[in-house]
Structures are given as C-alpha cells and as structure tokens.
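Peer 1: Okay, so TrEMBL annotates it like this:
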type	residues	note
TRANSMEM	12-29	transmembrane segment
TRANSMEM	63-85	transmembrane segment
TRANSMEM	92-115	transmembrane segment
DOMAIN	93-204	domain 'Phosphatidic acid phosphatase type 2/haloperoxidase'
TRANSMEM	135-154	transmembrane segment
TRANSMEM	161-185	transmembrane segment
TRANSMEM	191-211	transmembrane segment
Amino acid sequence: MLVQPDARRRWLWTAAAAVAAYALLTFAVEATWTPLVEQDAVVSAAAHRLALEYPMWRSAMTAVTRTGDTVVLLSVLAFTLGFLLRRRLLTQLGFVCAAVAASAALRLTVHALVARHRPEEMLGLAAGWSYPSGHTSHFATGALLLLVLAWPLLRASWQRVALVAGVGGWALLVGASRVALVVHWPSDVLGGWLVALAAVPLAIVTHAMWLNHSRP
C-alpha cells in the first residue's frame, strides 16, 4: 500500500485536526460545558418526540442502527481479514489491524475515563457509557477503511463518487440513528466520527512510515 509523501502529509494533517477536535470535545463533555449540554438536550428531546410521533421513522432508524451492531461489524471484519490473508495481501492486512486497534484505543480509553451517562429516555437497547458512540466509531472506521482500500481499484470518477456517497452516507446515517433513537447524545456521535477520522489517517501515516523504514 503505497502512500506518496504529499498524500501522507494530508493524512497527517487530517489526523492532527481530528485528534485536536476530539480532545476539545472530550474536554467539553467532561467539564459538562453548559452550551454543549443544553444543545444535546434540545436535539435529544426533539428526536424523542419525532420517534414517538412517527413509528415508521423509529422502525427505519432501528433497522439502520442494527447494521452497526457489534456482531455485524465483527463478521465483516473477520471476512475482510480472511480475504486479505488468503490473497496474501499482508500489507493491507497489517494496515487494517493497525487502524482497528487505533480506533479501539482512542474510543475505549476515553469511554472509560469520561464515563458519561446515556440519555434517560432511550428508545432502543444500549449498554455501557455513552461517550463516544461505539456504533458510530466502529462503522465510520470500517467505512473509511473500505474507502481507502477500494479507492485505488476504481478508475472511473463516477465509481469513486458512488463509493463515497454510499459508504460515507451510510456511516453518517448510522451515527444519526443513534441520536434518533435517543441512545446517545449528539456529541457522543460527533466524538465517534472524530475517532474514525483520527484513527484511520494515523494508521495510514504510521503504516507508510513503517514500510519505508523496513525497506532494504
């Protein structure tokens, strides 16, 4: 997996910006910053009313959110790793493992330290602390990995646009479904997206540096 120096710098800046934004958001959540808390409450209350008023909307959001369940994502990850291993694409295999590990570390560390409670009026099943959203970070990380791995294989512009629209749009939708079902605060979902935007670029840069240093 070759990453040119210019592209590596862009990925590095993306990771740095995401890490900085994640740190600021985490500080605001931990400090229970009033504007953030109030905005979370307003959006969650509106989502709660909408879901109760329109049962079909709630059912649709429930179906969407299930695509981000742990069992689904672990199955996809296992298939991907098996495929890469069978094809002996060890460079890509190492990259995927590094990105998944980075995403898990960024999420679980903050998850345990902040220990934020979920909204009280949840309309779906959920366990554990609230910040950052696991469904959101896991799915967004997977979506970014798919984009990075598939991008070089697609030559036509329309194919790349379709890939970004489909995969990126669904990742956004999964995050939105967590707010729609009031199982997460909006800032939890934002934190999950930032985890993915930090983890995958960090893995790209780190993996590229390792490949360069490992060459004879």
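Numbering starts at 1 and runs along the chain as it is shown here.
Placement of Cβ uses the backbone N, Cα and C atoms for every residue, glycine included.
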Peer 1: Same chain only, please: residues at least 6 beyond the ends of the transmembrane segment (12-29) with a C-beta under 8 Å from a C-beta of the stretch. Say none if there are none.
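Peer 2: For the transmembrane segment (12-29), the list is 36, 106, 110, 114, 116, 131, 187, 190-191, 194-195, 197-198, 201-202, 205.
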Peer 1: Which listed stretch (63-85, 135-154, 191-211) has the most C-beta pairs under 8 A with the transmembrane segment (92-115)?
Peer 2: 191-211
Peer 1: When you scan the chain for residues with a C-beta under 8 Å from the transmembrane segment (191-211), skipping those not six or more beyond its ends, what do you find?
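Peer 2: Same-chain residues near the transmembrane segment (191-211) but 6 or more away: 1, 3, 8, 11-12, 14-15, 17-19, 21-22, 25-26, 29, 91, 94-95, 98-99, 102-103, 106-107, 110, 131-138, 140-141, 143-145, 148, 171, 175.
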Peer 1: Looking at the domain 'Phosphatidic acid phosphatase type 2/haloperoxidase' (93-204) alone, can you tell me the average pLDDT?
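Peer 2: Taking every residue in the domain 'Phosphatidic acid phosphatase type 2/haloperoxidase' (93-204) and averaging pLDDT yields 94.
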